[in-house]
Structures are given as structure tokens and as C-alpha cells.
Amino acid sequence: MKKNHHIIVFFFSLFLIMRLGSFVSCSEETKVYIVYLGEHNGDKTLKEIEDHHCSFLHSVKGTTTSKEDVRASLVHSYKNVINGFSAVLTPQEVDMISGMEGVISVFHSDPHAIKLHTTRSWDFASLLEGTPLVNSREELLKNANYGEDIIVGVMDTGVWPESSSFNDEGMGPVPKSWNGICQEDVAFNASHCNRKLIGARYYLKGYEAFAGPLNETRDFRSPRDVDGHGTHTASTVGGRRVSNASAIGGFAKGTATGGAPNVRLAIYKVCWTAPDQSLTEGVTCLPDDTLAAFDDAIADGVHVLSISLTFQSETKYYTEDPIAIGSLHAVKRNIVVSCSAGNDGPTPSTVANVAPWIITVGASSIDRVFSSPILLGNGMIVEGQTVTPIRRRRLHPLVYAGDVEIRGTTASNTTGTCLPGTLSRKLVRGKVVLCINNVREASMEVKRAGGVAAILGNSFNEIQVIPFLNPATVTFLDGLKTIVAYIRTEKYPMATLVPGNTMIGTKPAPVMAPFSSKGPNVVDPNILKPDITAPGFNILAAWSEASSPLNMPEDRRVVKYNIVSGTSMSCPHVSAVIALLKSIHPDWSSAAIRSALMTTSTINNAVGRPIKNATGDDANPFEYGSGHFRPSRAADPGLIYDATYTDYLLYLCSQNIRQVSSYNCPDKVPAASNLNYPSLAIANMRGSSRTVTRVVTNVGKDNSTYILAVSSPPGYIVDIVPKILRFSKLGEKHNFSITVTAQSSIESRNEFSFGWYTWSDGVHMVRSPIAVSSSA
């Protein structure tokens with residue numbers, strides 16, 4: 001979702017103090033903590049599991065605390081696959097539990113930690129496949145039976161089940177493997193589930209432990225979506241084909257469809273309207289509720305999990321990250337987990353969901369813009385973009401916001417930004433106002449002050465469109481400079497906004513979205529993240545009719561489809577392709593599917609030039625990972641880099657983490673870079689050279705020969721042995737070694753250098769990015 005639109009908010013209420021009552025002194029600091037114990041071995045009943053979890057609490061709360069109060073402190077008891085619980089604890093109790101036998105980790109269920117992060121995007125993705133693949137997307141869909149009987153779980157804000165995107169016309173019976181439920185509650189009953197939307201659950205215990213009872217005037221105590229984000233992501237994965245869909249004003253009109261229109265959807269609502277906050281100020285997703293959703297989704301029988309949430313914390317331990325924990329348990333059961341990379345770009349080292357068993361997805365644009373130029377009084381036309389319906393108007397006086405502010409309301413670094421309450425009604429009324437700020441609050445300030453229209457400046461080469469409540473358009477930095485110069489040189493500057501229209505086929509595309517979080521990976525820089533990029537910029541998909549296009553109290557408009565941007569939108573694009581690959585290759589592991597997506601991706605745009613970032617420079621692997629996904633090519637990758645659950649346990653040994661007591665780390669643990677990953681990252685080489693190994697499996701053709709090509713990162717020499725791989729049959733594996741040597745002239749530095757290597761048989765191009773630094 002839009003950056004800063006969903007901010008996780010912490011709020012304690014008197015409810016919590018009342019709940020703790022007799023077993024915790026009000027003077028003690030209490031919080032909800034997750035106690036992670038690993039995995040169930042399957043030999044206990046559900047009651048025995050809960051009793052076991054309560055025994056930890058009895059041990060630390062003492063004999064003076066009644067059994068009833070101990071159970072009241074238990075928030076979640078994870079009983080299906082994940083072994084653990086969440087409970088209200090004091091710091092002293094946390095210390096005691098942390099030292100108990102069988103406890104892997106204890107960490108705060110911090111409500112600040114988890115953030116939320118179509119008509120054209122799928123057509124655009126097929127353009128990047130390359131000329132030989134005619135109608136490649138339709139062929140992929142047919143080969144995968146449109147994803148029929150693949151179950152995708154979506155963890156988010158819930159769903160608006162009445163949307164046409166979730167109709168089940170023509171779909172077969174619900175798969176027999178499905179074990180889930182359609183959880184009934186406020187405004188949601190069993191009839192809202194069907195053969196498309198086969199299950200729905202909601203998770204509120206953790207939220208209410210922090211914030212007190214849900215305010216049911218602002219959210220539904222049920223899987224129903226009041227926000228829109230969850231409906232948008234779910235329909236992007238698996239929405240049915242809906243003709244004549246469009247955003248408000250008719251923008252992006254066409255046939256809306258999910259990437260895998262016949263998949264079955266299972267909804268897990270883990271995010272709620274933030275307590276005592278307006279919708280624009282965020283939703284709250286509790287880590288312990290999220291882990292409970294993982295536990296249920298795995299037991300329910302999902303095949304894919306699409307998670308447009310990011311866990312952001314100062315911890316650098318996977319065992320204190322609920323998404324990493326839940327995903328590892330899912331991957332053990334060959335459930336593929338796709339997650340958003342986060343919306344904190346373009347700052348480096350911001351990428352989230354970095355565990356190597358997760359597919360981490362960045363966001364990029366498609367070849368569609370919503371043009372709404374600015375006509376100046378001198379006849380000059382300046383480029384602008386909007387999805388706000390605008391009627392053609394006569395020219396109006398044009399002013400720069402910095403010239404019409406109320407004295408004393410802005411500082412030198414905020415002048416001209418149209419902050420709330422800063423514009424003078426007297427000086428703004430009846431005028432077009434230029435703001436050097438492209439957020440919705442700027443346009444609202446122009447509206448409040450009586451302006452007839454707003455021109456908003458954008459500092460990047462891509463514009464994230466917003467359906468403003470008043471006439472407004474967004475221009476690029478160059479356009480902003482042109483308009484400022486016109487205002488400064490024209491005695492009576494005038495302007496008007498030209499009504500917008502949808503333009504297809506714009507170039508260059510894709511371009512990396514400015515908000516897409518970047519590497520390197522701060523948890524382990526030896527795992528290159530993100531893995532891949534996909535469309536996440538100005539994406540049209542279904543929306544909640546309990547929400548509005550802006551998610552603002554002032555916005556009373558109701559829409560069925562809405563245009564939204566974020567890695568939250570790119571993640572379900574990849575999730576849909578995962579579902580199709582699952583259908584075509586049911587025997588592939590989650591690692592094989594990740595490998596197929598990564599090694600067949602492209603680092604070039606639709607005209608064959610390098611993908612750019614939002615500042616106009618060539619993007620690199622810390623922005624797009626292996627590149628932009630190419631769904632049809634991923635179905636036939638030639639070679640794959642496979643990995644097992646045991647491989648991940650061995651990798652965790654390199655991080656000094658013991659995940660399960662039954663697995664003993666070897667005396668000599670391989671370096672993290674040796675994990676059989678489709679990309680290669682080596683941080684802090686600590687010497688002149690480093691050698692790692694990889695294993696590839698033939699999934700292309702019998703009797704095939706692959707020849708190596710290498711582009712070494714500047715300052716390094718990459719040598720791979722052998723340089724030819726010969727396969728006689730499908731499923732055959734070959735090892736090769738990669739030695740990276742620093743050139744003698746290179747200085748020790750933190751900066752990474754980038755390169756690549758490729759195996760090709762003349763048909764398949766199996767490409768892997770390389771990132772190397774000589775110091776951490």
C-alpha cells in the first residue's frame with residue numbers, strides 16, 4: 001500500500017490493566033510476548049498442548065496466581081504445526097521463560113513491527129517474455145488450468161466478498177484437500193464463501209490484548225474488509241475476469257483479472273483499523289495474531305501464501321520474526337511463501353522479509369500512465385498525471401504555495417509544501433496552487449483554502465497517482481521547475497488542468513518504483529534480497545465498498561475498483577504465477593519455483609534497455625533482485641537451484657540458530673553463501689578470494705549441454721568450474737564451484753559490486769546475479 005499510509009500504531013487501554021487485575025501489579029510493565037518452542041511432534045491432543053503452554057506460565061507466575069488468571073494471561077496457543085504461545089508477561093517473567101528448556105526464542109509482539117505494504121499489469125508482463133512467445137500468457141494459463149484447485153492463502157485486512165472478482169461461476173467443487181472454515185461473525189456468514197472464496201478467518205486476540213475491545217463502528221469483527229487493502233491483494237492474485245472495470249472517473253478501464261483467475265482463495269484477516277485513528281493513519285497487525293494465522297493456514301491446506309506485510313524490527317534474528325518463523329514451517333510442507341519487500345525505498349538496506357526460504361518481491365511500473373497535463377497561460381503544456389476526474393475549465397490565476405502562506409506557519413524547509421493549515425484563504429481563493437509536495441494532504445489543504453486546483457511536484461521519474469477529492473495533477477521535477485520559472489517571470493501567471501486520460505504503451509517500462517525497499521540484506525548480507533520485481537505501481541484491483549478511494553474520513557466516495565501502489569501490489573502478482581507453476585509442476589519444491597522465477601527474469605525493459613530506477617539511473621540487483629518476472633518463461637527454466645528444509649536448517653547453523661532440537665549442526669558449518677540459492681552474495685570477503693558451490697538440476701530436456709558466460713563484478717574476478725555442464729536425463733544434478741577473487745588494486749570498502757553468470761543450452765538462459773563486497 002502507499003508508503004506511510006499504513007502505520008502500525010501502539011496503544012494501551014485501561015482494558016489491559018483491568019484484564020491483568022489480580023495477577024500483575026499495575027506498577028509492573030507488561031506486554032504481550034511470543035514464546036517460540038519450534039514444532040509439534042504430533043503426539044499430543046489440543047488440550048494437552050494448551051496445558052503444556054500454560055505450564056510455562058504457572059512456573060513463572062508463581063503459586064499465588066490462580067489457574068484462571070494464568071489462563072487469562074494466555075493470548076494465543078499455537079496448536080496445529082507451530083509450537084508456541086503468546087501471553088501477557090513482565091520483563092522478569094520473560095527472562096525466566098527464556099532460560100527454560102525447549103524455548104527457542106521469546107520476543108515482544110510489537111504492534112509497530114508489522115506493516116502493510118488488474119487491467120493492464122498482466123498484459124504488460126507478457127510483453128517482457130520476448131518475441132518468440134506469442135500469446136504466452138494465455139498458453140501459460142491454459143497449461144495451468146487457470147490455477148484451478150490451487151489454494152492461495154492471503155494474510156491481510158480481510159475481503160469484500162460481494163466483489164465481482166470473487167464470483168465462482170463455472171468453477172468446480174472445493175478441493176477435497178481443503179480443511180479450513182468460513183468463520184462467521186459480524187456482516188459475514190457461511191454464504192459469503194463459495195467455490196472461489198473457499199475459506200475465511202480472522203485473528204483479534206492479540207489486537208484486543210493491546211488495544212482493548214475492537215471499536216465495531218470502525219471495523220468488522222469478522223473477515224470482512226473495511227480498509228480495501230486485503231480485497232485488492234486477493235483479487236490481484238486470483239480475481240475472476242470482470243469486464244469494464246475501472247477506477248473512479250473511468251481510469252484504467254478494461255477487463256480486470258487476477259493472475260490466476262481460477263485459484264481458490266483463503267482469507268486470513270490479521271490487520272485491523274488502528275485504535276482511535278482514522279483510516280489514513282493506519283491499521284494494526286499484531287505479530288502474535290499473524291503467527292496464529294500461519295498456524296491455521298498450514299493446517300488448512302493452502303498451497304501458496306501471499307503476504308503483503310513486512311516485519312520491521314531492530315532484531316537480526318529469524319527466530320524473532322513471526323513471518324520468517326511461520327514461513328519456515330510452511331516451506332517444510334512445501335507451501336510457497338511470497339512476501340512484499342517493503343515500501344521504505346529508495347533508502348538502501350531497507351528490504352524486509354529477507355529469510356532465504358521466502359520469495360521477496362520488489363515493485364516496478366507498467367507501461368500505463370494517466371495523463372493530465374497543465375496548460376499554462378503562455379500556451380506551454382507541462383506533463384502531469386492524475387486519476388482524479390477533472391472537468392475542462394478556463395484559465396485561472398496561478399500561484400506558488402510559498403507565496404500565499406499564513407505568516408509563521410512554515411519553516412524554511414517546509415515552505416511551499418502545502419502543509420495543513422498553512423495556506424491563506426484570502427490569497428488562495430479562486431486560484432491554481434503549485435505545491436512542492438505530492439501527498440494527498442497537500443491537495444486537501446488547497447481545497448480547504450479555496451483553491452480551484454492543485455499542481456503537486458514529484459521528485460522522481462515515476463508518479464504514484466492518487467484519486468484526489470479536488471482537481472489536482474502531479475508533475476515531475478522538471479515540470480515543477482518549468483512552472484516555478486513561469487510564475488517568477490510572468491506578470492499574471494495563469495493555468496488550468498487538462499482532463500486526464502489513460503495512455504497505454506508508454507516507454508520506458510518497467511521502471512523501479514521509488515518506494516520499493518532496497519538491499520543489501522541487513523539480517524544476512526550473504527543472501528541477496530529482494531529476489532525479484534513485479535508490477536506494483538498504479539495497479540487497479542477490487543476494493544472494499546466500506547472504504548473510499550483515499551481511505552480518508554472526508555472521502556465519502558464508494559468504488560468497486562481502485563488504483564493503489566506498493567510492494568503489497570507486486571507480491572500478489574508473483575503469488576499468482578507461483579500458483580500457476582504449482583499447477584503445471586506439482587512435484588516442484590518451493591525452492592525450485594523460486595529458482596524458476598528468478599533465473600528466467602529480465603533486467604531489461606520492454607525496449608531492450610537496462611531497467612532504470614526512479615532517478616533515471618540503471619537499477620541494480622539490490623533494487624530488482626534477479627530482475628522483472630517473466631511468468632511464461634518461468635514454466636520452462638531449463639535448470640533449477642533446489643533446496644530442502646534441511647538445507648535451511650544448515651543455513652541457520654551459519655547464523656548460530658538452532659531451529660529444532662532433533663537437528664545437530666555439524667562441527668564445520670558451511671558459510672551462508674553456500675546455500676544453494678539462485679543468486680550469489682558475498683559480503684566481507686576477508687581475504688583475496690572466496691569459493692562457494694552450487695548445484696543445478698536439469699528440468700529442461702534430456703541430453704542437453706549448458707555453456708557458461710560470466711560478467712565479473714568490477715574489481716573482482718569470477719571463475720566458475722566446470723564451464724560446461726552436460727546432462728543425459730531429466731532430474732540429473734551437477735555441481736560447480738564459484739571462486740571470487742579481489743583484484744590487487746581494489747580497496748577494502750563497504751560498497752557492493754555487481755555482476756552475473758549464465759548457463760545456456762541455446763534455448764534456456766539460466767541467469768544469476770552476483771553481489772560482492774570486500775568488507776561488511
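Cβ coordinates are placed from backbone N, Cα and C, and glycine is handled just like the others.
Bear in mind that TrEMBL entries carry predicted annotations, made automatically and left uncurated.
Residues or ranges marked as signal peptide by TrEMBL: 1-26.
Annotation comment: TrEMBL describes 32-109 as domain 'Inhibitor I9'.
Here TrEMBL flags 147-627 as domain 'Peptidase S8/S53'.
Neighbour density for Asp156 (active site, charge relay system): within 10 A of its CB lie 29 other CB atoms from the protein chains shown. Summarising the annotation, TrEMBL assigns active site, charge relay system to Asp156 (among others).
For His229 (active site, charge relay system), the count of additional Cβ atoms within 10 Å of its Cβ stands at 30 [all protein chains shown]. TrEMBL lists His229 (among others) with the feature active site, charge relay system.
Marked as active site, charge relay system by TrEMBL: Ser568 (among others). Around Ser568 (active site, charge relay system), taking its Cβ as the centre, 34 other Cβ atoms fall within 10 Å, counting all chains.
Among the features that TrEMBL reports, domain 'Subtilisin-like protease fibronectin type-III' is placed at 674-772.
A separation of roughly 7 Å, to the nearest angstrom, links the Cα atoms of His229 (active site, charge relay system) and Asp156 (active site, charge relay system). Annotated pair Asp156 (active site, charge relay system) and Ser568 (active site, charge relay system), C-alpha to C-alpha distance, rounded: 10 Å. Per DSSP, the secondary structure of the domain 'Inhibitor I9' (32-109) breaks down as 31 helix, 25 strand, 22 coil.
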